[in-house]
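Novice: Could you have a look at this structure, given as structure tokens, before my questions?
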Amino acid sequence: MRFDVITLFPEMFEAINASGVSSRALQQGLYSFHSWNPRQFTTDVHQTVDDRPYGGGPGMLMKYQPLKDSVDAIETTIGEKPYVVYLSPQGTPLTQAKLQTLVEKPNLTLVCGRYEGLDERFILSEVDEEICVGDFVVSGGELPAMMLMDGLIRLLPGALGHNQSAEQDSFSDGLLDCPHYTRPVEVNGMKVPEVLQQGNHAKIDAWRMEQKLERTAQKRPDLYAAYLAQQAK
């Protein structure tokens, strides 16, 4: 999978590319990463990428042309029009189901906004999809883009140490994950449930499913209701 990221701060992505699961996946060639700084596509000596909004108001907006030229450069490089995702608080929520759809795309271009956002004409003409990682505002799209990348990289075959790890993550089946325990058997009077110690995999699977349902109903009733509705179809 190829990630092309349009960002004013490409150095921020060293964090995801140099650590943990994503670092190993990069070394294995499971994905490639390419950053594009809109400042490289400016024509003035100050490399200006932002300007005041028409109609007034606080803050600045990222200009159309440097962003458009960035996308054009990506298209020239990969030989086809990229699928462009803009990380935006106005986008559709990022879910595990959305990740499972996006991971099928061989080339993904992520646009990281700054300031008060982007010129609307760029969004209308170049962006295929807006995605939001939560109902809150951060200083730029870089952290949301890394969250999206990390979620996708985990789904790439061979990225995780165990083939079933991604399948057992929370949300993979619409439910939260069940509790997990490791050694020792007892900690401060709290013991590992007996069923997990007995080695009966059918009973373990049943216990885990029961726990997932109970946990989801308690902590995320919205997910639980959606799960029940899906099961009723």
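Any Cβ shown, glycine's included, is placed from N, Cα and C.
Below are the features I grabbed from TrEMBL:
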type	residues	note
DOMAIN	1-225	domain 'tRNA methyltransferase TRMD/TRM10-type'
BINDING	G113, V133, G134, D135, F136, V137, V138	S-adenosyl-L-methionine binding site
Novice: How many other Cβ atoms sit within 10 Å of the Cβ of G134 (S-adenosyl-L-methionine binding site)?
Specialist: 11
Novice: Pick from V133, V138: which of these binding-site residues has the biggest number of other Cβ atoms within 10 Å of its Cβ?
Specialist: V133
Novice: Between any two of G113, V133, G134, D135, F136, V137, V138, the residues recorded as binding S-adenosyl-L-methionine, what is the biggest Cα to Cα distance in Å?
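Specialist: Across G113, V133, G134, D135, F136, V137, V138, the widest Cα separation comes out at 16 Å.
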Novice: Which ones in the same chain are close to D135 (S-adenosyl-L-methionine binding site), with CB under 8 Å and 6+ residues apart in sequence?
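Specialist: Expected: P89.
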Novice: If you draw a 10 Å sphere on the Cβ of F136 (S-adenosyl-L-methionine binding site), how many other Cβ atoms land inside?
Specialist: 7
